[in-house]
């Protein structure tokens, strides 16, 4: 049985990949219109999240915990700015997009994104505010991405003469 440090290290590094895998499964099982909306929402959200990460990092500097106190991080990492947590931001962004279409799956993926953030704090590579900011930035970007996607799909459906499906 693996020890706690091994589990923390694995979650901090690799569990974030569960989120896009879950999103791909939701997309794969979706209907044509939902596939288009999910794809647009994901692209818009990830572009906005990338911009949000860069802007937040420019506005706030938070040295990583292992830089501040000299303790060794569980996961090898560059001694750069830890604000916000990129892993948590991107995980939360994708999970929140899924949440807009499949609540239970999206909620489960948000739990995974939060667990990744918690593991990165436990691994001594982020502070709690880095993770909380990542969750907030990811969720905000997803909110915009979902609205843009639903409007684009409704507009495209209207141009083809189809009746646009009401946004859920």
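The backbone N, Cα and C atoms fix where each Cβ goes, glycine too.
What TrEMBL records for this protein:
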- 36-146: domain 'Phosphatidic acid phosphatase type 2/haloperoxidase' (DOMAIN)
- 6-28: transmembrane segment (TRANSMEM)
- 40-61: transmembrane segment (TRANSMEM)
- 81-101: transmembrane segment (TRANSMEM)
- 108-125: transmembrane segment (TRANSMEM)
- 131-149: transmembrane segment (TRANSMEM)
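Each residue of the domain 'Phosphatidic acid phosphatase type 2/haloperoxidase' (36-146) gets a DSSP state, and the totals for helix, strand and coil are 84 helix, 2 strand, 25 coil. Mean pLDDT for the domain 'Phosphatidic acid phosphatase type 2/haloperoxidase' (36-146) in this predicted model: 97.
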